[in-house]
Amino acid sequence: MNSSKSPGLAGFGILKNTTCHTEKKISVFFSIIFMTVGILSNSLAIVILLKAYQRFRQKSKASFLLLASGLVVTDLFGHLINGAIAVFVYASDKDWIRFNQSNILCSVFGICMVFFGLCPLFLGSVMAVERCIGVTKPIFHSTKMASKHMKMMLTMVCLFAVLIALLPILRFRAYQIQASRTWCFYKTEHVEDWEDRFYLLLFSCLGLLALAISFLCNAVTGITLLRVKFKSQQRQGRSHHFEMIIQLLAIMCVSCICWSPFLVTMARIGINESRSKETCETILFALRMATWNQILDPWVYILLRKAVLKNLYKITRGCCGVHIINLHMWELSSIKNSLKVAAISESPVSSKQINLQPLGSTGQ
């Protein structure tokens with residue numbers, strides 16, 4: 001049955017000849033665990049962000065806190081809404097014909113899957129760009145990237161993700177029930193129409209582009225921090241460099257490992273059209289891998305901070321029994337310290353002031 005002409009019955013044809021069988025108890029267990037862990041971890045991250053905002057009300061850190069808050073709030077609602085719908089589907093024995101006659105639930109599920117999938121990726125790339133500008137161009141960051149600009153950027157990112165999610169509905173293309181009968185997304189079986197392929201390629205290309213931007217900006221930030229560390233003679237920046245490099249490596253690894261399988265799978269289905277050999281189990285495994293990124297996001301961005309790194313260093317040093325690296329006191333917050341060290345190393349005015357300071361003190 002042509003789903004584009006009969007949206008009310010979209011995806012029901014797949015329910016008769018499905019070749020993907022999932023164990024109900026195991027699937028429900030995974031859904032509940034993913035939803036619970038995601039909600040708890042993101043809720044904890046929101047609490048930590050609120051405390052950090054009340055403690056450090058610096059202009060240089062406001063943009064980071066705002067974007068990080070948007071990221072964890074998006075992940076929280078993603079786990080809450082998508083997880084609740086998935087548990088309801090399992091509790092109803094995946095009988096879509098009974099509770100989805102008008103295809104409203106599948107459309108809502110598909111819109112949420114696309115929005116809560118793309119929005120964290122977009123926010124992660126925006127955070128990487130903001131962090132890169134803050135380290136490489138601290139003066140520009142402090143003057144041109146205020147909180148109001150970050151709020152506008154956050155709003156634009158969310159609206160763009162909403163537009164991508166609503167695009168099939170605006171084009172009268174219904175979201176499809178997938179072969180596992182547990183979730184809704186773009187059409188992934190017998191993809192022959194160019195518009196169906198376009199949606200799959202658009203989703204995967206935007207996601208891969210966001211990952212590429214994050215990787216590039218984080219690489220530039222890491223290289224800049226290493227150069228500043230080796231050039232600067234000030235001790236106060238070394239602990240911050242260690243913290244930032246660990247965070248950048250964790251962010252890149254988690255995002256690429258979790259999201260790449262799902263994005264590449266969708267791209268292959270869109271490119272290979274009806275000749276795609278991707279199985280339902282492969283798609284479901286890639287989807288669960290992508291879900292783990294939203295669970296690990298708050299732990300990477302928020303909880304992997306100086307206190308955790310100090311404890312890990314002490315444990316590692318105690319186990320190895322050797323002097324690995326000399327960590328100094330954690331004097332300043334990461335954002336404030338990065339701006340200070342980068343500004344001292346790159347600003348000619350600051351260099352002149354540092355050179356003239358002994359003369360002023362001698363004259364006194």
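The backbone N, Cα and C atoms fix where each Cβ goes, glycine too.
The domain 'G-protein coupled receptors family 1 profile' annotation in TrEMBL covers 41-301.
The feature transmembrane segment is assigned by TrEMBL to 26-50 (among others). Within its own chain, the transmembrane segment (26-50) has Cβ neighbours under 8 Å at 65, 68-69, 72-73, 75-76, 78-80, 82-84, 86-87, 90-91, 182, 288, 291-292, 294-295, 297-299, 301-303, counting only residues six or more beyond its boundaries.
Sequence annotations record features per position, and here TrEMBL assigns transmembrane segment to 62-90 (among others).
The transmembrane segment annotation in TrEMBL covers 102-129 (among others). A Cβ distance under 8 Å defines the sequence-distant neighbours of the transmembrane segment (102-129), meaning residues of its chain 6+ beyond its ends; these are 7-11, 64, 67-68, 70-71, 74-75, 77-78, 81-82, 85, 96, 153-154, 157-158, 160-162, 164-166, 168-169, 174-177, 183-186, 203, 206-207, 209-211, 213-214, 217-218, 221, 251, 255, 259, 290, 293-294, 297, 301.
Same-chain neighbours of the transmembrane segment (150-170): 62-63, 66-67, 70, 74, 107, 110-112, 114-115, 118-119, 122-123, 126, 130, 186, 199, 202-203, 206, counting only residues six or more beyond its ends whose CB sits under 8 Å from a CB of the stretch. Feature annotation from TrEMBL assigns transmembrane segment to 150-170 (among others).
The transmembrane segment feature in TrEMBL is assigned to 198-226 (among others).
Marked as transmembrane segment by TrEMBL: 246-271 (among others).
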Intrachain residues whose Cβ lies under 8 Å of the transmembrane segment (198-226), provided they are six or more past its termini: 114, 117-118, 121-122, 124-125, 127-129, 131-132, 135-136, 164, 167-168, 173, 186-188, 191, 241, 244-245, 248-249, 251-252, 255-256, 259-260, 263-264, 266-267, 269-271, 338, 342
